[in-house]
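Chemist: Okay, handing you the structure first.
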Amino acid sequence: MKKVFVKSYGCQMNVYDAERMTDMLATEGYSETKAMEEADLVILNTCHIREKAAEKVYSELGRVRELKQEREASGQETRIVVAGCVAQAEGKEILRRQPAVDVVVGPQNYHHLPDLLRKSRSERLVDTEFPIEDKFDHLPAPSRAKTISRGVSAFLTIQEGCDKFCTFCVVPYTRGAEVSRPVAKILEEAHRLAEAGVRELTLIGQNVNAYHGEGPDGAVWSLGRLLTRLAEVPGIARLRYTTSHPRDMDDELIAAHGDLPALMPYLHLPVQSGSDRILDLMNRKHTGDEYRRLIERIRKAQPNLALSSDFIVGFPGETDRDFEDTMRLVADVGFASSFSFKYSPRPGTPAAEMGEQVPEAVKAERLARLQNLLETQRQAFNHGTVGQTLDVLLEKPGRHPGQIAGKSPYLQPVQFESDVHRIGEVVTVRIVRAGSNSLFGEWVKPGDRAAA
Ligand code: 5AD
Ligand code: SF4
């Protein structure tokens with residue numbers, strides 16, 4: 001049997017796509033390996049969001065090329081595929097920069113992979129056109145065993161692409177226009193995952209709350225309506241969605257946060273900046289106060305809501321004052337966890353052409369200050385859960401024998417001693433201690449709940 005090794009960079013969509021590629025290649029006789037040295041086929045599933053991510057691909061390709069040469073010397077063939085957003089953005093340039101690459105395939109075309117692999121025996125190929133057909137119709141479902149081996153928490157792509165055109169972002173160019181999958185297809189996938197033992201679904205998309213898929217009734221369904229329907233799928237205990245845009249938080253979705261116990265009280269809602277001037281230059285189409293008010297409305301629906309966000313520092317033209325506005329917004333809102341980045345100019349995006357690029361040293365200093373504040377908030381949030389009883393979805397054995405590990409509703413890793421529980425159960429745990437990354441707790445037996 002031939003072996004395929006896939007390495008994914010970047011976002012959760014790439015993790016999902018990598019699984020779909022391995023599922024498809026399984027039907028072509030490839031088994032998955034975690035060791036690149038033994039792979040007959042190496043796929044790098046790439047990310048183009050920031051310069052660092054894109055450059056990593058070329059250094060990794062250099063290593064894969066050496067491996068290819070070594071294997072060749074011992075009579076073994078290695079094929080190399082570059083997939084994902086760098087493939088989409090750079091296409092032929094990749095073949096030019098790295099002669100060992102056999103195929104370059106964009107995120108909308110990976111259902112063509114078997115065909116591309118066959119054809120690339122005679123010539124090196126690039127497939128980055130946006131096809132008319134829906135790739136999901138051509139992708140086989142994984143085996144039950146494969147799904148089980150991937151764990152009790154699964155990603156499910158419900159939409160792809162983005163029409164927002166934030167001025168710093170390559171996504172609208174690499175992933176294309178916003179497309180929502182039909183409700184029936186999503187339900188089918190959700191049922192299949194649940195039947196194989198999946199308990200938690202994270203709905204993913206580049207701008208997932210812009211979801212507007214065709215419902216079984218012919219009407220257009222919003223994300224709120226889709227979540228309500230998914231909460232009825234037997235076996236599904238938890239729902240999450242990521243990543244969202246503040247402008248697409250509609251009333252139905254906000255209400256779902258109050259109405260659906262399965263929808264976890266944790267929301268990743270990137271704000272990027274707290275300065276109205278920068279938000280405008282970013283084309284985010286909202287102000288800092290509009291974001292604050294939106295958060296208030298969602299917290300009214302779900303008072304336990306914990307938030308996470310993405311931030312960019314050093315966007316072109318960002319002054320000290322603009323940056324202080326970001327720090328103030330963070331202090332006002334309070335985030336349980338966040339991602340923050342130095343602005344990275346991306347070729348072809350409007351912000352890359354803007355004057356007043358911020359010097360690297362200033363970006364570094366601002367990032368350090370912001371990350372310091374965000375880390376303080378994260379620790380405070382984690383410590384704040386000590387003494388609470390939280391539901392924990394059990395995912396795997398713990399670090400030490402006799403321990404079991406899972407996630408809180410707020411995505412915090414939780415460990416506790418147990419020899420009676422099984423992976424996939426949702427168990428009530430009293431948190432007794434917060435470490436730097438994990439919480440430690442004790443099982444609360446059902447009868448003891450009132451005393452907790
Ligand atoms: N530079 C820095 N960060 C960026 N992001 C997107 N584009 C850029 C860029 N050019 C960040 C945003 C986004 C996250 C996925 O990556 O914060 O929400
Ligand atoms: Fe990029 Fe997100 Fe803005 Fe879309 S909404 S352009 S994916 S940052």
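One-based numbering along the chain as shown.
Every residue, even glycine, has its Cβ placed from backbone N, Cα and C.
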Chemist: Select one of C11, C162: the residue that TrEMBL places in the [4Fe-4S] cluster 1 site alongside C47, C85.
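Modeler: Of the residues offered, the record points to C11.
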Chemist: Please report the distance from the Cα of C169 ([4Fe-4S] cluster 2 binding site) to the Cα of C85 ([4Fe-4S] cluster 1 binding site), rounded to the nearest angstrom.
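Modeler: C169 ([4Fe-4S] cluster 2 binding site) to C85 ([4Fe-4S] cluster 1 binding site), Cα-Cα distance: 12 Å.
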Chemist: At a 10 Å cut-off from the C-beta of C169 ([4Fe-4S] cluster 2 binding site), count the other C-beta atoms across all protein chains.
Modeler: 21
Chemist: Take the domain 'TRAM' (383-445) and count its residues per DSSP category (helix H/G/I, strand E/B, coil), listing them in that order.
Modeler: 2 helix, 33 strand, 28 coil
Chemist: Identify all same-chain residues not among C11, C47, C85 whose C-beta atom falls within 8 angstroms of the centroid of the [4Fe-4S] cluster 1 site's C-beta atoms; report them in sequence order.
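Modeler: Residues close to the [4Fe-4S] cluster 1 site, other than C11, C47, C85: Y9, G10, M13, N14, T46, H48, I49, A53, G84, T174.
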Chemist: Are there residues of the same chain, six or more positions away from C85 ([4Fe-4S] cluster 1 binding site), whose CB falls under 8 angstroms from its CB, and which are they?
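Modeler: Within the chain, C85 ([4Fe-4S] cluster 1 binding site) has Cβ neighbours under 8 Å at G10, T46, C47, H48, I49, P107, V170, V171, T174, R175.
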Chemist: For C162 ([4Fe-4S] cluster 2 binding site), list the number of other Cβ atoms lying within 10 Å of its Cβ atom.
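Modeler: For C162 ([4Fe-4S] cluster 2 binding site), the count of other Cβ atoms within 10 Å is 22.
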